[in-house]
Amino acid sequence: MRFQLFYILGLLSVTSLTQAANNLVCYYDSTSYLRQGLAKMHTNELDLALQFCTHLVYGYAGLKSGTLELFSLNVDLDMFYYKDITALRQKFPQLKILLSVGGDRDVDEAHPNKYVELLEANRTAQQNFIDSSMILLKRNGFDGLDLAFQLPRNKPRKVHGSLGTYWKSFKKLFTGDFVVDPLAEQHKSQFTDLVGNIKNAFRSANLMLSLTVLPNVNSTWYFDVPKLHPQFDYINLAAFDFLTPLRNPEEADYTAPIFFQDEQNRLPHLNVEFQVNYWLQNHCPGQKLNLGIASYGRAWKLSKESGLSGAPIVHETCGAAPGGIQIQSAEGLLSWPEICSKLSQNASAQYRGELAPLRKVTDLTQKYGNYALRPADENGDFGVWLSFDDPDFAGIKAVYAKSKGLGGIALFDLSYDDFRGLCTGQKYPIVRSIKYFMG
């Protein structure tokens, strides 16, 4: 596969590389310690990866409803892990270590809109968030805070027949798009003001501040880019999970394509290029942007009606396929080593049913991504369609980031990479590929 990576270097044109991407922001989900078996990750297993990472983002803290204070989501775990993580600076003195808040880990069914409530809060309530953040960061030796606020998301693409597509286009002439947040403009201004106040407080305390744009959070709704970017040390674009089996149960497609594929009524903003260009065209310096890559894949369940070819868009899917046995964190989610073990070159061809290998289909254009599939059997069972970025395609995205003059790559996250070397014997293959092709 390496020859394809050199091919993409030519495709993107080395002459367009304005400046080498240097950042490798590595996210670490602390709950990986609570997993079972081979997915359980200890802090000492981070060492090999951290020789490549420039930043480590520890996830995740939460926002306490009511008081709007920053707080630990798992006190029993974090009271030990905070110190263990920040102590890594002794081995890696150049490493910047930040604490992330939100990140879709702050599940609060009673207060699902509490991050919007923080934006709408008065200055006194917002000061609770700022003060509690500074105390927690300073007490535990973090270099700064990463804002991965769980703001309202774009509505998922709906499946329409030809008549439905025509009617939707006709209806939009009169009604426009569905409004997710009618106060988005107000919230954009409030977010800008809040970030400015956080930055002013952090500046005197010598603390960093970064932003993570979570998947499907609409940047046009909440982020006033020209006013915001000076307040952040860097901005991480989680440019993946554009489609998932939970958001899009009836059709499977590339979850993180680099470019727009103008076919089958795809939406033009569901790709890396659109997201990156939005920030660049709104005057955010490229060196402040880090392109987010997922080290996991998303799997749909195929039906007999889904067909045999697997060429996306795949219709008549039935939601999420079973998730990884080791991770057990979400339906349809598999870590890279779990994906690797299921591919036909690594799994026995003699297996049948749910253990039968998946056939990998490589994107020779290197624009959209790779996928793997196992068609449903004669009873409509065991069908799987899986979209993922393997180490090679992660390297291609690193080259893309260089071609756009971006600051680097943000990897979500280390615990989903092959940190044990189960696939090929090499540990952290995705991290290594990204670092190699960033130069």
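One is the number of the first residue shown, and numbering goes on along the chain from there.
A Cβ is built for glycine as well, from the same backbone N, Cα and C atoms used for every other residue.
For reference, Swiss-Prot has these:
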SIGNAL    1-20  signal peptide
DOMAIN    22-439  domain 'GH18'
DISULFID  C26-C53  disulfide bond
CARBOHYD  N122  N-linked glycosylation site
CARBOHYD  N218  N-linked glycosylation site
DISULFID  C340-C423  disulfide bond
CARBOHYD  N346  N-linked glycosylation site
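Here the Cβ of C53 (disulfide bond) has 26 other Cβ atoms within 10 Å, regardless of which shown protein chain they belong to. Considering only the recorded positions C26, C53, N218, C340, C423, N122 (N-linked glycosylation site) has N218 as its nearest partner by CA-CA distance. Of the listed glycosylation sites N122, N218, the Cβ environment within 10 Å is emptiest of other Cβ atoms at N122.
Rounded to a whole number, the C-alpha distance linking C53 (disulfide bond) with N218 (N-linked glycosylation site) is 28 angstrom. Most buried of the disulfide-bonded residues C26, C340, C423, judged by other Cβ atoms within 10 Å, is C26. N218 (N-linked glycosylation site) has C26 as its nearest neighbour among the disulfide-bonded residues C26, C340, C423, going by CA to CA distance. Across the domain 'GH18' (22-439), mean pLDDT in this model comes to 93. Cα to Cα, C340 (disulfide bond) and C26 (disulfide bond) are separated by 21 Å.
Between the C-alpha atoms of C423 (disulfide bond) and C26 (disulfide bond), the distance comes to 21 Å.
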